[in-house]
Each structure stands twice: as C-alpha cells, then as structure tokens.
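Below you'll find the structure, written out as structure tokens, and then a few comments.
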Amino acid sequence: MAGGVAMVTALTTSKSYGQGTTAIPKNWQLLNYATDSVYGTGVEKAYKDLLKGKKSTPVIVAVIDSGIDTTHEDLKSILWTNPGEIPGNGIDDDRNGYVDDIHGWNFLGGKDGKSVKEDTDEGTREYYRYKRLYINPDSVLDKQSNEYAYWEKLKGKYVKPTGENKINYKKMLTLQENMKKCEDLLSGYLHTTDFTTSKLDSIQTTDQGVMMAKNFMSRLMKSTGEQDITYADFKSELEEYVDDLKRKAEQADGEPTDKRAEIIGDNINDINDRYYGNNDVMGQFGFHGTHVSGIIAAVRNNGVGMDGIADNVKIMLVKAVPDGDERDKDIALAIRYAVDNGARVINMSFGKGFSPHKDWVDAAIKYADEKGVLLVHAAGNDGNNNDSTDNFPNPDFADHTHPANFITVGASSNGKQGPKIAGFSNYGKKSVDLFAPGVQIYSTVPGGNKYGSASGTSMASPVVAGVAALVLSYYPDLSARQLKYVLEKSATPLPDGTKEVIKPNTDEKVPFSDLSISGGIVNAYEALKLAATVKGDLAPKKGKAKVNPIKKG
C-alpha cells in the first residue's frame, strides 16, 4: 500500500528540517497564499467569491480504501446510500450481485462477516510464486524469456529489502523504547502528553534529563517535515510504520499464509468470479479511509471538527485495501462497482510496485473512461521518480495508449517550513500530473468523533478528488476528460515566485516544473473559473488532450 500514510523512513535515513513556531492553520489545505501565506488550494476563496448564491448538484465520490467510520459525526450524513437496496433484508434488491450494499461494498469480506485486515506485499507474493518455478538450477524453463527476467527483478527487489526490514524493525523497537522513556520525563514536566514541537522548544530547565528528552523528541518529531506536529499524531504514524516493518520482516522468514483465501474463498486468479465479499464497509473503523473521506467531504460549516472540500458530495466506500498490498482483482472490481453504481469521481490512495494482473485493472480504468468517471491516484511516498520506477495502478497501457480520465497526484507542503514539496513524495515529469497539499492534513479519524493529522500522497489525492467533485457539482456536464483538463490547466506554480525546489529524497535543487506534467499545485479557485469556459470534448478516447477547448469572446 505504497500510497498510504507517510511515516518517516526519515527516522533512519532523512534530514531533520528546521521549523518555526508559527502555527499553521489546521485547514491550511483550504486556504490560499495571497491572504493566508500558505500553499493551499483556494477552496474558501472560491466559496466566498465565486460560488455564493449558486446552486450545486450532488456528486458521488467513491473512495477505494480500507474502510470508514460510518458513525462519525462529520461523515454519517454524507455517506452514499444505495437507493435500490432495502437495508438488512438479506436480498439483492437492485440485482447488482451484491446483497445489502447500502453504503458501498467490502471486497475484503467473507460470508461469515469477517474481513481481511492484513495481506502480504505483492512483491513477496510474486517472489514465492516464481521461486517455485525457478529455484531449481536445472529448470527447463527458458532463462532468456521475459518471465525469467521478471524473476530476476523480483529477486533483486525482494531479497535485499527483506533483510533490511529486519534490521530496521529492530532499530524501530529500540527507538520506541527510548521514546517511552522520554515521554515519561516530558509528561512529568509538562503534566501532559499532548505536546507539540513548539511546546518542546519552549522548555527551559536545569534538569538535564528533561533537556535531553526535549532535544531527542524535538529532533525526532521534526524529522517528519511536518509543521508543529503533535506527539499523539507522531506516535500514531510511527506505530503504523513499525507495524508495516514488522509485517515485512516476518515475510522474510518464509512464504506467508494466504489469509485472504481463508477468509474470502474466491478464485483469486479468475476475474469473472466477482460476486464475493460483504457489506461491512466499516470493519475495524479504518483510519486511512476515514481520514481520506473527511478531506473530500466532511460536513462543512456545522461548527464541528473540520470542513471538507466539497459541500454537495456523497461518499461511496469500496473496501479493497488491507494493511499490505491490495490485490489487482479487488481493485479492478472495486473500480467497476463504483462506476456501475453512479460514482463520478474515484479516489485511490494506494499503490504498489508489482501488478501481476495489470490487464484487469487497465480494463477497469478503460471502463471508467468510457463511462466518464475520473480516477484520482496517489503518486506514492518513496521519494521516487515515477518516470523510471513502477507504481501501480497507472495509466500506461500495454498498447501504449493512455486514458484521459486518470490523474496522479504528488504531495506539496504548506510552504512555511522544510521542503515546499514533501520530501517523501514521488514525482515525475511524465507520470505525475500535479501536486496537492499532503503534509499534516487535519481530518476525521475513527473511534468516537475524533480528528487528527496525517501526511502522505494518500492525503494529497483526496484533496484533488475533493476539488474535482466541487467543480463537477457546479458544472455537472463536464466529462471526465474535461475535468482532468481543467484541474491540470488551472494548477498554479508556487505562489511566492519560487522556481526551484528540493527534489524529494535528495539535496538537489530542481525546477518545480520538472517534477510533474502540469508543473503546478491544484487550485480550486482557478479550476472553477476555467470550468466556466470549457466546451466540447477535449480528447479522443486514446491519446492526449486537444488544444484550445476554451470558448472565445
């Protein structure tokens, strides 16, 4: 799940970025540089200056993710409800093949109500699948074939990293032990564990133990590159990162058990075996899907928690992403389910480095393109150049065509501290369409009407999906191709005039325009202005967008 919440491989590999003590507004992704001095999207300005008094139409946004807290105060009223189903009667009333799919569907579910929580990495699954074929040196299989070359690639990607994961996991356990000691010292001094980096920096005492703990924790928390991150958010992100390392380290000890097969029982190699799963889109609440959904559409102006981007959206949750790598079959069917049930925008905050059934996913992407549905995908959190590094799903089809309904999103920061482009974000002049706020994004979290911050291209993607839904709700006749055109063409350069940025995962300065196709950050205000001028179709079904789609006069 490479597009997941970014935790700090920085804890062992990256630099610590200095931070000021100026607080960043929790809703910074909705603000704009001219009035708020942050690299936001101009959503609030758009509502104030462009949309006041205008009517909107509802837009269904599908979130393919880990699950959602359907009871959350800021989400329960914006959930999509299937008009063709009678809740709880055990009958497939709308005859779509999925019984009681009231708010969406769970492709990770079993008939007994259980769900797959964890799965292995795709590289691990592929490694063991091909190991059975090629481990015998006397194998008669053609060692000059593309398949053998793929096996060699798998070995290179699997063997070395699994050893490193074991080492890093042990390091993280030691780190957590040291953090606990520091937490005890600091909470005793501050009388709270609810502290931020700025609070730590303000500590002045002659107690050497407290000062050592202060310096250790401050440096550690700043290594995220997040402005004034809270200890609770930092600790939560670290725990997720360590859990992921543990899972990967355990995979190095032998072929893992296929828990998915035990719970779901479908034929994973048959795309036509499609009617499986259950209707439990909530599961164990799903931090990731809950946070993503809030970014897009948490109820606005209700005086509670935080505001989402789009004010007339229904969220359809399609559960298909476990802890670990998602399966191509589940993703392909999740896309088709969303399209068939009325979604106009689909957010996909996930990704991986191998895709054995890419053809299934590509066919689903093409299906969405034919039906006019926009797909928004997270670029990934490895600091990689996607032009030269595989990140799936992607719009690069085997026949060398590219759909016009697929947007890949990198993560930008608020511009107040650290790198202006998130140090973890993937990028690509040919493969990443634009950037969007993805550092310390405050949103809904599960388990009792809670809220918290998270970082990652997983947060940047729903920012773009939210802006897309906002534009579509006021200009519902736009096609997916037109909508993509509007979002890309209205994306703006860094608003303070900065031309060069630090390339992620390096110390190198490069032109910001070299990191994406558009060379810009999504801008809701400008997108709405541009949408008002668009007419006609913008692209053939295969290829690049046509030019001059704007009305004249």
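Every residue, even glycine, has its Cβ placed from backbone N, Cα and C.
No curator has checked TrEMBL annotations; they are predicted automatically.
Here the structure is a predicted model, which means the values were calculated and not measured.
In TrEMBL this protein carries:
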DOMAIN    59-495  domain 'Peptidase S8/S53'
ACT_SITE  ASP65  active site, charge relay system
ACT_SITE  HIS288  active site, charge relay system
ACT_SITE  SER458  active site, charge relay system
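Separation of the C-alpha atoms of HIS288 (active site, charge relay system) and ASP65 (active site, charge relay system): 7 Å, rounded to the nearest whole number. Separation of the C-alpha atoms of ASP65 (active site, charge relay system) and SER458 (active site, charge relay system): 10 Å, rounded to the nearest whole number. For the recorded site, ASP65 (active site, charge relay system), the DSSP three-state label reads strand. Looking only at the domain 'Peptidase S8/S53' (59-495), the predicted model's pLDDT averages out at 91. There are 27 other CB atoms within 10 A of the CB of HIS288 (active site, charge relay system), with all protein chains counted.
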